[in-house]
Structures are given as structure tokens and as C-alpha cells.
């Protein structure tokens, strides 16, 4: 027994020694709280980001599953191109057999250079934490270079776990000079923004042109009924397609993939059949000599025909835009192993058929199908066309949703149709506008040849924009060697410039349509973003002074009412100018008041545990806080009850930590969790809280097992315990517990949302153009867009509005 007591005392002495060692390290590593709280920082919590290693590696089974799904989502558009490429390339007739070989050679090397080399092996790597598309490129660039037109950057944002991309090379003076030039030039920022919204507008325009050309081409298989009947049937299919959008595409990957895979099997198999039956010698087209000979023979007409050849790569941008649903390896495997071989066989087979029947060029695809397979192929072709249309329509919805998050599009209703597939959204207003536009295009153009003229411009324009933006990313983000940047830029821009010049030649024959549509969208997006920026600048210049808050705290006429008030503003720093208007109209304040700013970051997603930032608004006893809620452009806004729960849990954790800092004296540091995978605090329901405690310093503990089960005594006599997830925290002092209980009681009394309705007008001294843009164009868009409360998912029964006029 004595031995046991001795061992126990010895253990206690050893534990005490270890505890003192821990305390000494805390003292050695202490951080001055006064120095840490920068003017531009919200709180210490902003600097505590998850140390979780984001594992982007996916096992081969998951990759194969994603590969299969990607076939149905990504390749419908490029897969249906064989329906109309030869018809668009030879609108009149085929001059000679050598011309067929020349066009086939052009198609082969266009497929090799643009989709395969450029996109599959280069552009896909320029993703924004797994997301692709023009906005993703802009967002990626915005995180490395301050090119955003809205000055709401915070140091805390750069510390998010998804914010930074690992740079593959050493820093170079060249990239720093380019970065400095871009950050200091307002014109470059505006140009980059305009190029971005031009690219997104073109992709949205594809949501109109793809359904038209794909469905018309597929239905043309029953051309014996006459062109008017084909147009009528196509319009009926399109109406059904758009009306079905509200049902969602939850099973899009697995349900569409078998059909598109069957389609590629059909076109590849039929192509091989025609190749061996009619003329296997067309494989000579792999020799680029036939491509150059084609231009020598045909001159200007050969150049014009490139507008049809480029349709072979329609849908290439979808590989990049839809990357967020899959991964790079899945796209690379599916394109290289299935799509590319099937397309080569299809085009080679059609070329072999045309060498024997050149007069059938206007119906190449259907004429080349063996009779027993005609109707099965027709059915699968219509299904593939619908799927291709579906993918582009869904892509248009996703892009507009991203635009909304970045303040570049009027507020519209966004419905998330899938809990499983992120980014699957439905926008009713946009859906019916696209449907009407599709019907008008079908009625106006009637043939795939004219629609192809319009389609080509949209396809090539987006490719040119992608080339330019990836080049900038190579310079600034990747810091690639100049020789490789030169090869990439000049190699692809020359090819795309030739194609662009060809499709622009057909401007009057339908090419004006995507440009007009994109210009219209750019005006809407530009006006909305401009006012969004100016509103933010107005609030920043007119934010409430600290003296006003102090006077308010001392004002006996201001009543405190039970509950939590959430006052929404776009400001990430300071108290918004709408607050005095609330006080003037309603001379009372809730027992807990939180100034909430919804901030969209230039990244696809923000982890839930990194979403909330808090800071106390002095005086402390007044219980006023600021909160920045950060979302990525693919994040969905939570339901009110869940949002309130997350915010209150985060606020209580902030209060706990504030008291730990203020009461801890020298021990102003907390330790690193032993397991970085579990750095979030857990609520009672076992779910990660929205606002987690993150660690600033690593603490090497002499005996983790003993420390985790025991206590650490600081010099002040305060006992701090170490939780199961490795976080050393102080026990709640009376004031902290009381304040947290006040917050909890206030939540139980109810949460009220306070929303300022700003009427934006131009200053009297503004130009006539600015007055028209602000007073008429913007206000027309605002009146016809969705209310801010609905966009933020604020329950109407608990919403209080106060109006104010902003002169910008």
C-alpha cells in the first residue's frame, strides 16, 4: 500500500513537473493580445484556420465511378457534334475526295490540339480547388492578385484552408512585377472583369444555342416530313425539356452516363463499319500534309469552312466548367479512353462514306447509318441531344448562381435540386427566358447551318478567353518558365485566332446572335456589379463613428428588448450607416445585437468551421458584435434555424475565447490539437460547430496522455483543462458563463432580422449617363429582381425593414 502511495505521489510530482514545463512554454511563446488585434482584423479566431490536410487523392474505384458519371454530364455536347459537322463545313458541295481528306485532317488535329492537349492536360490543372470555368479562373487569380473591384479583402481570408494553391516553382521577380502592375492599374482590373463576364455570358449563351442545334440535328433524321415539321417537333421537345428542369437532375450522372456511353458506342462502331466498308484509305488524313494542301487548293473558301470544322470541338469548355462535379483524373481518363477514340472513328467513318457518296453531305450522319441500326440510332441520337442540352442548361444555371454570389447578377430565385450533387441548381426566371430564346432561335434560323454560324463564335470566343486567363495564371500563380508560357500562349492563340476570324466572317449569317446576347448580358452584369461596388464604397465612407456608439450606450432613452437582433450590411469592417436610421425609427435595441455581413470569397467553397468571424463592438457590456459570414460561390445559404444555431454557437465560442484571453494574463496562447483532423469543437448533437477554435502555436507536450487527462495550473491559479480533441481551454469564469447564458437566453426569446433597404440614386452633380445608369437602369433591375430578404433566406415573420437613400 505504501508503495502504491509512493508511486502515486511520484506520479503526481512528475505530472506537476510536466505541467510546469508546459506553463513555461506558454510563457515563452506568449503573444501580445494588443499587438495581435490589428485594426483590420476581426478577432483572433480569424487567424486560427484548420490544420486539416485536404486530401485530394481519390482511390481508383472512386475515380472510375467519377469517370463513368462524367461521360453523361460532360460529353453530351461534343458527342453530338458528328450530327452536323460535315454539313456545316460543306454547305454547298464537296469539291473533290482530297477535300474530304483535308477536312478530316483538320478535324483530327483540332481534336488533338484543343480538347486533348490544351484542356485535358493543361487547363484542367488551373482549377479553383476542384472547380472550373471562367469564374473559377478569375477567382483563382483574385486570390493571388488583388484585382477585385470591391475593396473588402481581409487578411483572415488568405488563411482559409481552401484559399491558397501550392505554387509549383520558386518566386520570380517577373511574376511580382506583373502582380504589382495589375494591382496598381484600375484599367487592367476593369478589363479583366469585363473579359470574365464576357466569357461567362458566352457560356450562358450556349444554353440557348446547344439545345437548338443538337435537337434540330437529331430530329432531322425524320426529314421526310419536311423542315417545318422537324422544327415543330424540335420546339415541342425543347418545351418539354425546359419544363422538366424544375424536377431537378439529382440522378444526372448515373442516369445519363449509360445513354451517352451507348451513343459513343454507336457512333464509334458505325464509324468503324463505314471505314472498312467504303474506304479505309481516308486514314491517310493523319498526315497533316492533307490539311495544308486543302488550304492551298481552296484558299479563301478553305478558310471560311473552318467555321464548320470548329463545331467538332463544341462542348470542350464543358470539360473544364463541369470539373467541380468530378476530378481531373476522371475527365482525363474518360476523354482519352472513350470519347476521343469514338469521335475519331465517327468522323473517319463519315469521311469514308462521303468518298463514295459525296452528294449526301447535307445528311451525312443519317445517310451513313446501316439500315438495321437506323431507328435505334435515331432514338439514341435524340436522347443524346436532350442530354447535351440538359448539361448546357444546367451549366448556365450554375454560372448565374456563381455570378449572384460575386455580386455580378440581379437577385433571382435559386433552387438547389440535389442534396448529393453540389452545384445542381434551378433558376425559374432564367429557365423560361432560355426556353423562349430557344424557341425564337429555332423559328428564326430553322437549319443547323445557320445556327452553327452563331454557335461557332460562342465556342471559339470562350476558348480565346480561357487561353488568355490561363496564361496570366501561368505568369502570376504558377510562375512557369517563360519558354513554356510562350509555347502555350502563341501556339493556341494562333490556332484559335484563325478559327475566330473564320466564324466572325459569318457574322451577318447568324454570327451576330451570340455577340448580341453576350453584350446584353454584359450590360446587365456590369451595371449590377458597378452599383454593388458603389454601394459598398458609400457604406465604407459613411460608417458610424465610435463616438456615436459610446453616446448610444450612455443614452437612457434607448431601451433594450429581449432577443437577438441581426442587422445585415455589406460592410466587413465598421458599423453601417443604416444603423442610426434604425435607432431613429425604433429607439430600442435587442439585448444582443450582431452586425452581420455576408461576404462572398473568390473561391468555390468555405468550410463550415471557417465560415464565421466575430469581433466585439465596444463598449463590451453593451453586447454588440460584428460577424462576417463567408461563403464561396458554390456554397448554399442555410435554412434560418440552422443558420441561427451556427451563428449563436460561434458567438458563444468567441465569448469563451475572449474571456480566456482577457483573464489568462501571460498565458495568452492555446495549444495545438494532437490530432489535426479533429480541430473543431463539437456541439451537443455531435456536429461540428460553425465557429471552431483553431490553434496558433504548436505545443510539444512531454506526456500527452497525462496532460490530456489532467489539469494545467497557471500562475494566476486558474485551472485550464484540455478537451478530448486536444484543445487547451480555460474553465468558464463567472462573467463568461453569464455572458454566454445571456446569448442563449436571447436566442430562446427569438431572433429578429433587421434589413436596410437602400434606395440608390446618383448624386445631383453626376453626368447624364451615370444618372441614367443608376436612377433608371439599375433601379429597373432592382425592382424586377428578388428581394434581399428572400435571397438571404430570412423568414418574413421575423423581418424588420428600414429604408435609406444612398447618393453615389
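Including glycine, each Cβ sits where the backbone N, Cα and C put it.
Residues or ranges marked as topological domain 'Cytoplasmic' in Swiss-Prot (evidence: a curator's inference): 1-65 (among others). Computed over the topological domain 'Cytoplasmic' (1-65), the whole-number mean pLDDT of the model equals 47.
According to Swiss-Prot, the transmembrane segment annotation covers 66-86 (among others), on the basis of sequence analysis. If you look at the transmembrane segment (66-86), the same-chain residues 6 or more away from its ends with a CB under 8 A from one of its CBs are 58, 103, 107, 115, 206, 210, 213-214, 217-218, 220, 252-261, 263-264, 267, 308-309, 311-316, 318-319, 322, 325-327, 329-331, 333-335, 338-339, 342-343, 346-347, 350-351, 354, 361, 364-365, 381, 384-385, 387-392, 448, 452.
Positions annotated as topological domain 'Extracellular' by Swiss-Prot: 87-102 (among others).
The feature transmembrane segment is assigned by Swiss-Prot to 103-123 (among others).
The feature topological domain 'Cytoplasmic' is assigned by Swiss-Prot to 124-189 (among others).
Per Swiss-Prot, transmembrane segment is recorded for 190-210 (among others).
Annotation source Swiss-Prot lists topological domain 'Extracellular' at 211-221 (among others).
Annotation source Swiss-Prot lists transmembrane segment at 222-242 (among others), citing sequence analysis.
What Swiss-Prot lists as topological domain 'Cytoplasmic' is 243-251 (among others).
As annotated by Swiss-Prot, transmembrane segment applies to 252-272 (among others), with the evidence given as sequence analysis.
As annotated by Swiss-Prot, topological domain 'Extracellular' applies to 273-302 (among others), with the evidence given as a curator's inference.
According to Swiss-Prot, the feature transmembrane segment maps to 303-323 (among others).
Positions annotated as topological domain 'Cytoplasmic' by Swiss-Prot, on the basis of a curator's inference: 324-327 (among others).
What Swiss-Prot records for 328-348 (among others) is transmembrane segment. Within the same chain, residues 58, 63-64, 66-71, 74-75, 78-79, 81-82, 85, 104, 107-108, 111, 115-116, 120-121, 124-125, 127, 261, 264-265, 267-272, 275, 282-283, 285, 312, 319 sit at least 6 positions outside the transmembrane segment (328-348) and bring their C-beta atoms closer than 8 Å to a C-beta of that stretch.
Listed by sequence, the residues of this chain that lie at least six past the ends of the topological domain 'Extracellular' (349-379) yet keep a Cβ under 8 A from its Cβ atoms are 82-84, 86-87, 90, 93-94, 97, 100-101, 103-104, 217-218, 220-223, 266, 270-275, 277-280, 282, 285. Residues or ranges marked as topological domain 'Extracellular' in Swiss-Prot: 349-379 (among others).
Per Swiss-Prot, transmembrane segment is recorded for 380-400 (among others), and the stated evidence type is sequence analysis.
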Any contact between the transmembrane segment (483-503) and the transmembrane segment (252-272)? By contact I mean 3+ C-beta pairs closer than 8 Å, pairs at least 6 apart along the chain.
no
Ranked first among 103-123, 252-272, 303-323, 425-445, 457-477 for CB pairs under 8 angstroms with the transmembrane segment (190-210):
457-477
Give the nonlocal contacts of the transmembrane segment (103-123) in its own chain as ranges (CB under 8 Å, at least six residues past its ends).
78, 85-86, 89-90, 132, 282, 285-288, 290-291, 294, 305-306, 309-310, 312-313, 316-317, 319-320, 331-332, 335-336, 340, 343-344, 347-348, 351, 463, 466-467, 470, 488, 492, 495-496
Grab the same-chain neighbours of the transmembrane segment (511-531) for me: Cβ-Cβ under 8 Å, and only residues 6 or more beyond its ends, written as numbers and ranges.
149, 193-194, 197-198, 200-202, 204-205, 208-209, 403, 406-410, 437, 441, 453-458, 461, 503-505, 760, 773-774, 777-778, 781, 808
Within this structure, do the transmembrane segment (252-272) and the transmembrane segment (425-445) have 3 or more Cβ pairs under 8 angstroms, counting pairs 6 or more apart in sequence?
no
Between the stretches 222-242, 303-323, 380-400, 457-477, which wins on the count of C-beta pairs under 8 angstroms to the transmembrane segment (252-272)?
380-400
Would you kindly list the residues that approach the topological domain 'Extracellular' (273-302) from elsewhere in its chain, counting only those six or more residues past its ends and only Cβ-Cβ distances under 8 Å?
95-96, 98-106, 108-109, 345, 348-353, 355-356, 368, 370
Using a Cβ-Cβ cut-off of under 8 Å, list the residues of the same chain that are 6+ residues beyond the ends of the transmembrane segment (457-477) and lie near it.
114, 118, 122-123, 126, 134, 137-138, 140-141, 144-145, 165, 167, 174-175, 178-179, 182, 195-196, 198-199, 202-203, 205-206, 209, 310-311, 313-314, 316-317, 320, 484-485, 488-489, 492-493, 496-497, 499-500, 503-504, 507, 511, 514-515, 518
Which sequence positions outside the topological domain 'Extracellular' (446-456), separated from its termini by at least 6 residues, show Cβ-Cβ distances below 8 Å to it?
83-84, 87-88, 91, 206, 209-210, 212-213, 216-217, 220, 227, 231, 307-308, 310-311, 314, 499, 502-503, 506, 509-514
On the DSSP side of things, how many residues of the topological domain 'Extracellular' (211-221) fall into helix, strand and coil, could you say?
11 helix, 0 strand, 0 coil
